[in-house]
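Asks: Structure in structure tokens, see below.
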């Protein structure tokens, strides 16, 4: 406990330098700016803004990226409430009652509750991260290649179980992601694999190119292909800050959402996305008036938004302590850390405590920034929402191009992303989810590395994964989760959570 | 600290995705779910072929071909499973694939790639034109993909956004992007 406070103190002293507060502020601001744009989710936002952080020092860059992430999350909720267009999966729930509140002239209250709920959730999640960081890291150091391999397999299986829709399709997407990560030079022998002699594939497919292609360009293709529809909200934004009475009525929902989000956020794959759905379902179940849900209940905004933010934050835990990104956003963080020369894993906390604790503390500052800057700037975001899509998407295209080029000064990355955009569109048309693909892709290289290391240590014997008790336990958890998920009764209730609206 | 925002009428011009009623495909094999399974099988076969030259096992242990080949086979199996599982479902059309509407965006992206740092096509080569040319090209071509495009507006928008991008990325952020080497030398 004392240790945790000391660590947070160190973190705050790093994060509270003028420079880092500025980066945090800037990250939140531009993250919200891009995240508020309809149809631009956090993954696309972070990919677009990644180059902005290239010229900073590692600590500043990561602090800014974390700020961008929260900004993007909050921006997405703003759009969901004001115009009923959830920019991303996590804002879908917010859109249900949030937009109904907006129609009743309570948009301000919904936004205010979302911001305050997010802040409380963020504060709690920061403490959770600080408390769990040291023990988790110690656990991570106990892991050998075989245990790491089994942990990743379990994570990928859980990601499939938690995905929406068809299990077969989600599984196929994960495997396809791992397969795509095999493209490029073999890490041991340097032999080119599946590159077709193309120079641009020698180093493998860049994750940023994949992310921008599928989540950036693919989204644009999707919007161009489907018929346009105008969504109109008329009315007042109304008072932003809730009264004490209103706040008291929502504190329970915020607390429950925070708890749910903190737990679910650590899970791989859709964990953080599941959190707001679970919170909504819980609030509806314990409410005196469940029939009002869907007609603009404040608790149905405050709870899921808190869950959303807590989950967004605790999903940093596997990344920071074990070096394993649990979802596509965290995968981008890995990319950003690699560009800065930091290999994520249990050694980061030991080797660069300033960076680690500075980042953790800046999460809390970032959440504070969201309340301080976003509420007063709501008028600006509203104006931004009025930019017509015909101008918005060419701007996104240009930003993506510049971003892709600037990361490696390689025009081939720009072309690759363009082609991958078509893949993203095809996935959308065939109703494949792109998020498991991205996750499989990021974990793929690590998976193969650990597999080979483990097999070298065991002299090629596959039983090494079953003889280590830790590894066996992890594989069993994965097997049990998969078995449960295919049972018909569980499948039905799993589908029900997602169609709660 | 009450921030009253005056009455606002928010009109957002964004493509929505209304849940449209399912349309049957012209051929059951073109139904979404079956096509998805079929695509997986095709993708697996393609990967098998692409990795067919890689050694499966080496003396030192796992060869570079083991994982790709195993994954390709798993994907094919999943594709077959997908086809079987959804065999009795009523097939749904995947809707239109308006590739022609997307083409301008792709052209814009490729033109950016060819002009930003120059490109050697063999027969001829494109000089380094930099951000001042590549950015507006990508914006204008991409923008032409919109059904409600207004070219005058788009040109002005491209000019302003290019200036903003150069100011932001080259000067404010100090990234070493070529701006206009043919005009100002960097």
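Placed from the backbone N, Cα and C atoms, the Cβ positions cover glycine too.
Pulled these features from TrEMBL for this protein:
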| type | residues | note |
| --- | --- | --- |
| REGION | B:1-25 | region 'Disordered' |
| COMPBIAS | B:16-25 | compositional bias 'Pro residues' |
| DOMAIN | B:35-178 | domain 'DUF1468' |
| TRANSMEM | B:35-54 | transmembrane segment |
| TRANSMEM | B:66-87 | transmembrane segment |
| TRANSMEM | B:99-116 | transmembrane segment |
| TRANSMEM | B:122-142 | transmembrane segment |
| TRANSMEM | B:154-173 | transmembrane segment |
Asks: Using a Cβ cut-off of under 8 Å, list the residues of the same chain at least 6 residues beyond the transmembrane segment (B:66-87) that approach it.
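Replies: For the transmembrane segment (B:66-87), the sequence-distant neighbours (Cβ-Cβ under 8 Å, at least 6 residues beyond its ends) are 33-34, 36-45, 47-48, 50-51, 54, 56-57.
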Asks: Using DSSP, what's the helix, strand and coil tally for the domain 'DUF1468' (B:35-178)?
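Replies: Secondary-structure composition of the domain 'DUF1468' (B:35-178): 89 helix, 8 strand, 47 coil.
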Asks: Please indicate, using numbers and ranges, the residues of the same chain that are 6 or more beyond the transmembrane segment (B:154-173) and have a C-beta under 8 Å from a C-beta there.
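Replies: For the transmembrane segment (B:154-173), the far contacts come to 131-132, 135-136, 139-140, 143-144, 179.
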Asks: For the domain 'DUF1468' (B:35-178), what's the mean pLDDT in this predicted model?
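Replies: Across the residues of the domain 'DUF1468' (B:35-178) the model's pLDDT averages 88 on the 0 to 100 scale.
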